[in-house]
Amino acid sequence: MADFFMTNLWPLIVVIGQSVLLIVVLLISIAYILLADRKIWAAVQIRRGPNVVGPWGLLQSFADLLKMILKEPMIPSGANKGVFLLAPLVTCVLALSAWAVIPVSAGWVIADINVGVLYILAVSSLSVYGIIMAGWSSNSKYPFLAALRSAAQMVSYEVSIGFVIICVLLCVGSLNLTAIVQAQNSQWGVLGWYWLPLFPMFVVFYVSALAETNRPPFDLVEAESELVAGFMVEYSSTPYMLFVLGEYVAIVTMCAMGTILFLGGWLPPVPYAPFTWVPGIVWFALKVLFMFFMFAMAKAIVPRYRYDQLMRLGWKVFLPLSLAMVVIVAAVLQFAGLAPK
């Protein structure tokens, strides 16, 4: 009996415990990232932002969470109730499940699989189903239009993100996220990370990640001036909160992906003491926050694109550019003898 427990049940209990701990830490982090997003936006507009609940407004996100939970969920009379309530849950669960393969430090990962990048790309692609379900089940024209926009937008920019991943794959020879970080470990520190040799792809990834997560200036799915609140028009209370939570988890996931692919993951910027004394998870968190700051600044200073401009940028600019970079990177690696063995 003891052997059965140690062989079969104990690994399962460990994985469940790791997953619960990761989700709790991630949700608490999301609360403060949401607050930081509002504070950055306020600072750009020369105002103070949330500053009432808690010291310096640090508890504002938790107050908003409590308010949302205590509200009554309103369901439109013509809505498909089951699909309507399932949509935000699908969006949130898919966003959280991507973190199962993301290493936050050396050995700090729930599932260190060899197709980690492919897994994250697949899970992020599936998140569009939550938006489509919400748009269709609401029985309203604004959410339905937003769902159609979301499907087209995500498909358009996932192609570019796929080519970005192929460029990194050519340099590393593996889709394992830990291997990608270790491949950037060199005596050059920050200059040895892939953001420098693959800078055009870093820019393509950054802009495509904005579009993939429906962030400004590509928030056509939630364009207030056109679609009121987009696919969330009919949502309130806890379902609305789950959509917001899923959106910000997806944003942080993309920031973590950018950190791993281009910014060296948990590696220190200078591979010498005292920088090497700092735990890897601290460097990883700082780099994710830097990526999120870039996301927040785009929201604050860049005007929204028109829908036709969004599609043109994805198909006529990023797709040819990323495809050309794949060819160039492959050629340079082959003829310079730098291809991974």
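Note that Cβ sites are derived from N, Cα and C of the backbone, with glycine treated the same way.
As recorded in Swiss-Prot:
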- 13-33: transmembrane segment (TRANSMEM)
- 82-102: transmembrane segment (TRANSMEM)
- 115-135: transmembrane segment (TRANSMEM)
- 161-181: transmembrane segment (TRANSMEM)
- 190-210: transmembrane segment (TRANSMEM)
- 242-262: transmembrane segment (TRANSMEM)
- 277-297: transmembrane segment (TRANSMEM)
- 317-337: transmembrane segment (TRANSMEM)
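Against the transmembrane segment (82-102), the recorded stretches 115-135, 161-181, 242-262, 277-297, 317-337 differ in Cβ pairs under 8 Å, and the greatest number is found for 115-135. It is 242-262 that, among the stretches 161-181, 242-262, 277-297, 317-337, forms the most Cβ pairs under 8 Å with the transmembrane segment (13-33). 161-181 is the stretch from 115-135, 161-181, 190-210, 277-297 with the greatest number of Cβ pairs below 8 Å to the transmembrane segment (317-337). Within the chain carrying the transmembrane segment (242-262), a Cβ under 8 angstroms from the stretch's Cβ atoms is held by residues 26-27, 29-30, 33-34, 37, 88-89, 91-92, 94-96, 98-99, 102-104, 117, 120, 124, 127, 130, 134, 164-165, 168, 177, 180-181, 193-195, 198, 201-202, 205-206, 209, 212-215, 232, 235, 284, 287-288, 291-292, 295, all 6 or more beyond its ends.
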